[in-house]
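Visitor: One structure follows; several queries about it will come next.
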Amino acid sequence: MVTVLDAIANAPRLRHPEKAHKPDQEVLRKPDWIRVKAPVSKGYAETREIVKSHKLVTVCEEAGCPNIGECWEKKHATFMIMGEICTRACAFCNVATGIPTALDPDEPARVAHAVKQMGLSHVVITSVDRDDLADGGAQHFADVIRAIRAATPSTTIEILTPDFLRKDGALEIVVAARPDVFNHNLETVPSNYLKVRPGARYFHSIRLLQRVKELDPSIFTKSGIMVGLGEERNEILQLMDDLRSANVDFMTIGQYLQPSKKHHPVIRFVTPEEFKSFETIGRTKGFLLVASSPLTRSSHHAGDDFARLRAAREAQLQKSV
């Protein structure tokens, strides 16, 4: 006999249960400058096969990144560790929310093997938020970094981390593993936090980035925001100043794209000209590098940007001699 419990047990899992009760938001039509081609290349298919064969998760897929076709064609992928379920529910994010599973102790080795198989000279590792773990997943991040170093020592490593909010000693564990780039995104201006990023605290994120530099000045620090969420221009400029006060080296700015009708709406599409002006202003404020365009994302062109970062630092050091 089939009961209502059987129906519930077999029902598909809601990707965003916390958003199910929210009213639908209009999804604005994208302007021409945001259109991208569907991913159909041979390189894309090969990258997808490597990811699946190692049972790995990528933020490219989970977050619905518009650049997935371009990046995967070039065998570039951003690996998302610690599962595919996040303990937070940011209004902009397409990653699934809920109760995550236990950490997989074999994941560091599988990520390292995939990095070696793909021949990556630069790799980006990110994660879901794991507020359920005592260290927020810091030791797992460190284990992944060290596994990659052991498997392919020449590969440079960039990490995009959560904020490890209220996890004493977590940041120190990650920094001790010595990633080449430490990225932690502010995501938006502080006035938007309660509605866009309610589980985080703006000035905690600023302090985290500052603390990375205090612990190891040789590590490049990086942070990014989305625009089109209702922020004012002067708020973006103040955010730039806040990042520079924390000695952040690299800033990324991209257009927010609404994943579904249940997510925060796009308030407006920022023009390419405005993005260019943010890049110019950011450079005058002292960032070593600013990437600002409608399709800019944290790990888009990360390898090329790392080379530019190193060159910019060397040029800066030469000037100070």
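Backbone N, Cα and C define each Cβ position, glycine as well.
For reference, Swiss-Prot lists these features for the protein:
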- CYS60, CYS65, CYS71, SER299: [4Fe-4S] cluster 1 binding site (BINDING)
- CYS86, CYS90, CYS93: [4Fe-4S] cluster 2 binding site (BINDING)
- 72-288: domain 'Radical SAM core' (DOMAIN)
Visitor: Which residues, in sequence order, are found in the same chain with Cβ within 8 Å of the centroid defined by the Cβ atoms of CYS86, CYS90, CYS93 at the [4Fe-4S] cluster 2 site, excluding those residues themselves?
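Guide: Apart from CYS86, CYS90, CYS93, the close residues are ARG88, ALA89, PHE92, ASN94, VAL95, THR97, VAL128, ASP129.
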Visitor: List the Cα distance (Å, whole number) between SER299 ([4Fe-4S] cluster 1 binding site) and CYS93 ([4Fe-4S] cluster 2 binding site).
Guide: 16
Visitor: For a quick check of understanding: among the binding-site residues CYS86, CYS90, CYS93, SER299, which residue's Cβ has the most other Cβ atoms within 10 Å?
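Guide: Comparing the binding-site residues CYS86, CYS90, CYS93, SER299, the most crowded Cβ belongs to SER299.
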Visitor: For the domain 'Radical SAM core' (72-288), would you mind checking the mean pLDDT of the predicted model?
Guide: 95
Visitor: How would DSSP class SER299 ([4Fe-4S] cluster 1 binding site) in three states?
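Guide: In the DSSP reduction, SER299 ([4Fe-4S] cluster 1 binding site) maps to coil.
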